[in-house]
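Feature annotations, courtesy of Swiss-Prot:
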- 259-272: compositional bias 'Low complexity' (COMPBIAS)
- 278-288: compositional bias 'Polar residues' (COMPBIAS)
- ASN48: N-linked glycosylation site (CARBOHYD)
- ASN89: N-linked glycosylation site (CARBOHYD)
- ASN135: N-linked glycosylation site (CARBOHYD)
- ASN208: N-linked glycosylation site (CARBOHYD)
- 253-299: region 'Disordered' (REGION)
- 1-15: signal peptide (SIGNAL)
Amino acid sequence: MNYLLFCLFFAFSVAAPVTVTRFVDASPTGYDWRADWVKGFPIDSSCNATQYNQLSTGLQEAQLLAEHARDHTLRFGSKSPFFRKYFGNETASAEVVGHFDNVVGADKSSILFLCDDLDDKCKNDGWAGYWRGSNHSDQTIICDLSFVTRRYLTQLCSSGYTVSKSKTNIFWAGDLLHRFWHLKSIGQLVIEHYADTYEEVLELAQENSTYAVRNSNSLIYYALDVYAYDVTIPGEGCNGDGTSYKKSDFSSFEDSDSGSDSGASSTASSSHQHTDSNPSATTDANSHCHTHADGEVHC
C-alpha cells in the first residue's frame, strides 16, 4: 500500500505544472524614459570608411578625455592642484563636472558630424573644420586637413608634446572638445573664449574664476593635463612647465585671496577677444573661424 502511494505521489509531482514569477520592467503605459537616448556623437554618411574610422575614434577619445576630467574632479574637487590651477582656489566644482558630463552623457540625437563641405569653406587656408552656424547649431563639418594632422590620445606626451607648450588641437580629443562646446546642445551657449594661451588661462583662473569655468581652453587644458598625469604617465604627466606634485597636494590646500573675482569681469571681456575671421558673417553659417590671442585661427 505504501509503495502504491509513493508511486502515485511521484507521478503527480512530475506532471504538476511549474509556476514561475516573472517581473516585467516595462511600465504598463509603455513609457521608457531612456528610449532614443543617444550618447555617442552621430556621424553622417558623407564620411567615407577611412574618414569614419578616424573620426569615430576621435569622438570616442574626446568623450574619454571628458569622462576622465569629470571623474578627476568628482574624486578630488577643489583639492586637486590641477583644478585650482585652471579654475581658482574658491571655485565650486559642480559646474566643471557638468560641462564634462554633458559631453559624456547628454542626448546627442540632434547632433551631426559631416565630411561634406556644405558651405564651401574647407578650401580656406588652415581650415580643419567648422561649426555651421546658428541656423545649423548642432552640425559640424570636418575638413580633410583634420584627417592628416590630428593625433590620438595614445600619443599624448610623445614626440615632444607638452601641455603647456603645445597647442590644444594637436589631438582629435582636444580639438573635438572645442567643437563640442560650440554646439548648442552641449555648450548650451555658456562656454565661450575668454582666454586662449596657457599663460592667459592660468591668469584668468586667478583673476576671474567665474569666467574660467566657462572658458573653452581652460576646460581643454585641464582635461589634457589631468589625463596626462593620471593615465598617460601616472604621477608625472607632461605639463612641461617644471611643476611637480606630491600625494599630499591632492588632500588639502590653503585658502587664498587670489581666487577672487573682484574687478576681473572687465579685464576678461576686454583682453580676450573672440572674433570671427569674417566680420560680415551672418547667422546662416558664414565664417565661424575665430582668431585667438596668439594669432592662431581656429576653424
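Even glycines carry a Cβ here, placed using N, Cα and C.
Separating the Cα atoms of ASN48 (N-linked glycosylation site) and ASN208 (N-linked glycosylation site) is a whole-number distance of 44 Å. Across the structure, ASN135 (N-linked glycosylation site) and ASN208 (N-linked glycosylation site) are spaced 32 Å apart at their Cα atoms.
Residue pair ASN208 (N-linked glycosylation site) / ASN89 (N-linked glycosylation site) shows a Cα separation of 11 Å. Ranking the glycosylation sites ASN89, ASN208 by other CB atoms within 10 A of the CB puts ASN89 at the bottom. When Cβ atoms from all protein chains are considered, those within 10 Å of ASN135 (N-linked glycosylation site) total 10, not counting its own. Packing around ASN48 (N-linked glycosylation site) is summarised by its Cβ count: 10 other Cβ atoms lie within 10 angstroms of its Cβ, all protein chains included.
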